[in-house]
Amino acid sequence: MSPVWHPFTQHGLNEPIPEVVRTEGAALHTADGRRVIDAISSWWVITHGHSHPRLQAAIRSASERFDQIIFAGWTHEPAESLARGLVDMTPEPLQHVFYSDSGSTAVEVALKMALGFWANTDRPRHRIVVMQHSYHGDTIGTMSVGERGVFNQAYAPLLFDVATVPFPAAGMEQASLDALDAFCRQEPKPAAFIVEPLILGAGGMLIYSAETLRAYAGICARHGVLFIADEVMTGWGRTGTLLACEQAGVSPDILCLSKGLTGGALPLAATLATAPIFEAHRSTDRSKMFFHSSSYTANPIACAVAAENLAIWRDEPMLDRVTALGSAQQAGLDCIAGHPALSNPRRLGTIAAVDFDGARGGYLSGRGPWLKAFFAERDLLVRPLGDTVYVMPPYCIDPADLDRVWQAIGEAADTIDAQD
Ligand code: PLP
């Protein structure tokens with residue numbers, strides 16, 4: 001047996017674990033000679049495509065000059081130019097960039113910045129308001145602000161208490177907004193509200209309106225509660241705009257980025273904050289500095305490839321590309337819409353999803369494992385969230401490959417229909 005212990009994998013089931021030997025565009029090439037279409041961008045990280053030539057060249061060039069450099073009190077050009085680029089590309093109030101290594105750490109940092117802001121301005125606050133069905137990562141802190149359930153029940157006693165607003169499903173928007181407003185009025189006041197803008201990813205690709213997002217931000221601003229946007233999944237064009245917040249005209253106090261930050265080529269995350277949040281930590285008092293780091297903070301090679309990703313966003317018609325992919329995704333959804341085994345076809349930008357069996361099963365009890373195997377047999381990497389099947393491919397996916405994915409979803413629905 002291999003000594004490797006895989007994430008979100010039940011080794012006791014002895015399910016096949018294919019070995020990838022090469023990646024290219026929207027495909028993974030396996031040791032047994034298969035070309036597998038990566039319909040989920042390898043957990044939502046790959047934006048431009050696997051092994052993108054510009055990103056690979058940036059890695060080669062940076063690795064000739066750098067390896068890891070301590071970042072506490074030291075700096076390097078890739079981190080500086082990336083930070084300037086991020087400040088330029090994001091809403092104007094976001095002026096400061098803190099680096100870390102993953103989406104989870106981007107969120108941990110955001111939570112610690114929010115609490116640090118209140119502590120350092122002598123108004124300590126600790127409560128975080130979250131949205132039902134959210135997912136923000138797998139560390140103890142990020143699990144605390146995410147949906148409770150099978151993923152984290154073993155650690156439940158260690159998770160901190162949060163205030164939860166209901167998901168703003170159609171017709172429930174006002175109840176959700178009222179809940180946030182009520183939490184913001186309670187004493188002691190919350191430190192922050194954290195939200196996945198416009199679409200909840202791991203919670204089931206649940207979409208809500210830009211008006212609601214704008215109204216959440218307005219409530220936070222009125223009550224002086226910090227607004228944290230977790231754009232770890234939604235950033236870098238996934239929802240049709242560079243950031244999902246743009247569609248609501250919202251500028252968060254703290255913004256979390258990762259996944260597509262490097263185009264998916266290397267791990268990196270950035271947490272951006274406004275001047276007041278940075279200034280609350282800037283002082284001659286050393287006890288007020290931001291106490292967070294990881295050994296690999298701001299890895300120069302990762303920063304260089306992220307800077308190249310930003311250059312691609314500046315140089316190439318990225319928004320046209322995501323709009324075209326969105327239309328192709330809609331065509332795929334339209335082909336399967338109305339199938340009796342499927343419900344709730346939905347799309348936001350390049351992300352499309354549909355529910356099997358009315359999404360009645362849970363993450364572990366539904367059709368997910370059967371569907372995953374069904375797609376794997378057809379050389380497709382599709383990883384359902386319970387009964388929800390979603391397609392979130394790299395932006396370079398070939399139309400014929402995308403057609404194959406949607407055709408397979410239709411075939412899965414036919415097979416289930418015939419079984420029932
Ligand atoms: N936040 C959101 C919205 C995510 O979707 C994810 C991962 O899927 C994370 C945070 C955690 O990111 P990572 O897996 O890089 O720690």
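Glycine too: its Cβ is placed from the backbone N, Cα and C atoms.
As annotated by TrEMBL, substrate binding site applies to Trp43, Tyr135, Lys259, Ser293, Arg383. Under a cutoff of 8 A between CB atoms, and with a sequence separation of 6+ in the same chain, the neighbours of Trp43 (substrate binding site) are Lys259, Arg383.
Taken from TrEMBL, the feature pyridoxal 5'-phosphate binding site covers Gly103, Ser104, Asp230, Ser294, Ser295. Using a 10 Å radius centred on the Cβ of Ser295 (pyridoxal 5'-phosphate binding site) and all shown protein chains, the other Cβ atoms total 9.
Cβ neighbour count for Lys259 (substrate binding site): 28 (other Cβ atoms within 10 Å of its Cβ, all protein chains included). Annotation source TrEMBL lists N6-(pyridoxal phosphate)lysine at Lys259.
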Among binding-site residues Ser293, Ser294, Ser295, Arg383, close to ligand 1 by Cβ (under 6 Å) are none
All chains considered, the count of other Cβ atoms within 10 Å of the Cβ of Ser104 (pyridoxal 5'-phosphate binding site) is 20
Rounded to a whole number of Å, the separation of the Cα atoms of Gly103 (pyridoxal 5'-phosphate binding site) and Tyr135 (substrate binding site) comes to 11
